[in-house]
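One structure below.
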Amino acid sequence: MGHLGALLFLLGGLGALANICEITEVDSTLVERLGQRLLPWMDRLSQEQLNPSIYVGLRLSSLQAGAKEAHYLHSLKLSYQQSLLRPASNKDDNDSEAKPSMGQLALYLLALRANCEFIGGRKGDRLVSQLKRFLEDEKRAIGHNHQGHPRTSYYQYSLGILALCVHQKRVHDSVVGKLLYAVEHKPHLLQDHVSVDTMAMAGMAFSCLELSNLNPKQRNRINLALKRVQEKILKAQTPEGYFGNVYSTPLALQLLMGSLRPSVELGTACLKAKAALQASLQHKTFQNPLMISQLLPVLNQKSYVDLISPDCQAPRALLEPALETPPQAKVPKFIDVLLKVSGISPSYRHSVSVPAGSSLEDILKNAQEHGRFRFRTQASLSGPFLTSVLGRKAGEREFWQVLRDPDTPLQQGIADYRPKDGETIELRLVGW
């Protein structure tokens, strides 16, 4: 019996495998170490670095950060209300860029609900109206004939519906209908790990709508869409046990754990995913705060859908900062990484020498400092992402894809990925 088979046997016990999705009895030490990685991020309180997902993840986990949690929520409220509710200024051309995205607003609403707050009052109503307007604008971009696309993504569209749903705020049937149609008729929604994230978020939005019955006329379509979403995510499971890849697995499990459609296939798939996640925790795979915040609820058998009725009195273990071991002085080792740019003319190819352990972002900065390479990034909750390379800005429905040879898209962001010696990194402008 292989290692994975043996672990599945231990996890499943001597009886038959369950037909529901449960992620229980995960090593508490591994979970604590995961939570400890979020603590330094809770000291970063600038508008650019505040991340509502961190607060949501902790509140739905078995861990707590004590007084730091309350201070973090207070900082979120100040930042989001001031930036989103202030009047638009003609004097500041970057005013719109400084405001949180609608996806971030949706996460902020989830954070409020994670503290057992219902959004309300004049300020709260204005935020709800902003999110509803965003959904209406996206609905118009998709079009009456469904031939268009959201200006942002179906992920943010789904997240917006979910955030309003947990606050018992109804959106129009036509808004829900656009997401239903996408799941029913757009197979490209599930082609890679990003699409697993999108499908899982859409499924959680549908789950909330099903449980809350906010759109009763759409109930039958919602039920069928949830069945379709579950089937597609289960089919996306890799031989290693991940849904899409390791980083898309937490959101997929959040959806599957709340499934009202039990089956042996579901139970087996979740046991396999749990075994894979256990291995990833032991290898310290999760370092990005957004990914950690999506995983922590899973390890406590919770999901964003539980924010319909959160349990704010549940006991949670207090996190203590990890003890840091002073780094030993070492002679730095250098590695060589080949950097290529394709999809534009002229192309670019250059070898960069950097200290071992450098992030891809560090490598790009080094190439910029010592040659003609130029790049720009934009901050996001998952870290910086490329917006411009060699002066070429990604246009509408374009993005700069990052790959490593042989033609493998990176699963991590440029701030998290650390290339190895001799590796080739390609930046490719692609459409979507």
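For all residues, glycine too, the Cβ spot is worked out from N, Cα and C.
If you look up Swiss-Prot, you'll see Gln104, 152-156, 193-197, Asn245, Ser248, Gln294, 400-402 marked as cob(II)alamin binding site. The disulfide bond annotation in Swiss-Prot covers Cys21-Cys270, Cys116-Cys312, Cys165-Cys208. Residues annotated as N-linked glycosylation site in Swiss-Prot, with sequence analysis given as evidence: Asn94. Taken from Swiss-Prot, the feature signal peptide covers 1-18.
Known features from Swiss-Prot, placed on the structure.
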{"residue": "Cys21", "record": "disulfide bond", "contacts (Cβ under 8 Å, 6+ apart)": "Leu253, Leu256, Met257, Ser259, Leu266, Gly267, Ala269, Cys270"}
{"residue": "Gln104", "record": "cob(II)alamin binding site", "contacts (Cβ under 8 Å, 6+ apart)": "Pro52, Tyr80, Leu381"}
{"residue": "Cys116", "record": "disulfide bond", "contacts (Cβ under 8 Å, 6+ apart)": "Pro310, Cys312"}
{"residue": "Cys165", "record": "disulfide bond", "contacts (Cβ under 8 Å, 6+ apart)": "Val171, Ala205, Cys208, Leu209, Ser212, Leu214, Ile308"}
{"residue": "Gln401", "record": "cob(II)alamin binding site", "contacts (Cβ under 8 Å, 6+ apart)": "Pro409, Leu427, Arg428, Leu429, Val430"}
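Neighbour density at the Cβ, taken as the number of other Cβ atoms within 10 Å, is lowest among the recorded positions Val196, Cys208, Cys270, Cys312 for Cys312. In the structure shown, the C-beta of Ser248 has more C-beta neighbours within 10 angstroms than that of any other entry among the binding-site residues Tyr154, Ser248. Mapped onto three states, the DSSP output places Gln401 (cob(II)alamin binding site) in strand. Taken residue by residue with DSSP, Cys312 (disulfide bond) is part of neither helix nor strand, so it is coil. Classification of Cys165 (disulfide bond) by DSSP places it within a helix.
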